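S.K.: Summarising the annotation, TrEMBL assigns domain 'Major facilitator superfamily (MFS) profile' to 10-390. Feature annotation from TrEMBL assigns transmembrane segment to 48-69, 76-94, 100-123, 135-154, 166-184, 218-240, 246-270, 277-296, 302-323, 354-378.
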């Protein structure tokens, strides 16, 4: 292991590993037409190539946090990157659909391991003054990966098929594993000793641990807010643009997520120097709740959606920063990251069907009311948990 001269070198390498983890979603999601041609017999099963990763995250998010804390963060991250690389390279051969679905389930496990271990390691290697900015950067990994895959990966898949895109993703994951092997410090020996003294992971103990984590105002607060965030983020991007004219729809789909990233890395970082992360998250949700009812007020413009996503940019990075601020130990941060991954996958899985159902039953006004209600509920949840934390102090 070579200790980098600046912590930003390790932080950026860990962020690059996160891009690979997000790429496990985007490499399938943005090329569904090409996958349909590769697997013409798939029919509606094709959607499972994307949604299986979310399902694994819903079931095993907290379990991943527990296992990563026991096994060691560096060891888990590098192992998950290596296995993920091998899976992508096998996928590049376009195996039969049943085998591809099995590979996606295994890939879901590696995805969880990366998104739990990497931000926990970022919080460890970043000094106090850099931690808010570093974790805010981490909060952009999903949007950046989707944008890069859409920009570079779709043309490759359109010309050569999905195989070369999957191979490129596998090589990226392998390169990150080798790079982090040199940059990230070895796990502390205490992790291994602690793992031997932990009780075995039985179903009753796992259920009890879930209850303990989600009752904790420290471990679960970022996850509860993240549920409302993910319930709407992808859903609005999927459902709202088709309701707009073509030009406005294109601008919304491209500029809204980029606007969220820009606000997160500028205003979000600036506010985190003055406010606690939870306060920034609450401000973002409150602003989004105020802006959401304005979506239908300019039916031919992308501006309302861009402004809404700009407000959500405050939630994006500050939620990951809140994990580090609310939890001092790496083990607790891993559990909190696992809970956030679990709630995030649940929100992603339910959000689009929910918004489509509300749109069909109550129209645009009903849908925007539900969106605003989600953000208001998130802000109120954070306020309530903040009060509980104050009472615990």
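The backbone N, Cα and C atoms fix where each Cβ goes, glycine too.
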S.K.: What stretch, picked from 76-94, 100-123, 277-296, 302-323, 354-378, has the most CB pairs under 8 A with the transmembrane segment (246-270)?
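M.R.: Of the candidates 76-94, 100-123, 277-296, 302-323, 354-378, 302-323 scores highest.
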S.K.: With Cβ-Cβ distances below 8 Å as the criterion, list the same-chain residues six or more beyond the ends of the transmembrane segment (100-123) that contact it, or say none.
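M.R.: Residues packing against the transmembrane segment (100-123) from afar: 10-11, 14-15, 17-18, 20-21, 24-25, 28, 39, 45, 48-49, 52-53, 55-57, 60-61, 64-65, 67-68, 73-74, 76-77, 79-81, 83-84, 87-88, 90-91, 94, 131, 134-135, 138, 184, 320, 323-324, 330, 333-334, 337-338, 341.
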S.K.: If you average pLDDT over the domain 'Major facilitator superfamily (MFS) profile' (10-390), what do you get?
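M.R.: Average per-residue pLDDT within the domain 'Major facilitator superfamily (MFS) profile' (10-390): 92.
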S.K.: Answer with yes or no whether the transmembrane segment (277-296) touches the transmembrane segment (218-240) by the criterion of at least three Cβ pairs under 8 A, sequence separation 6 or more.
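M.R.: Answer yes: the transmembrane segment (218-240) meets the transmembrane segment (277-296) with 3 or more Cβ pairs below 8 Å.
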S.K.: Going through 48-69, 76-94, 135-154, 354-378 one by one, which has the most CB pairs that fall under 8 Å from the transmembrane segment (166-184)?
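M.R.: Of the candidates 48-69, 76-94, 135-154, 354-378, 76-94 scores highest.
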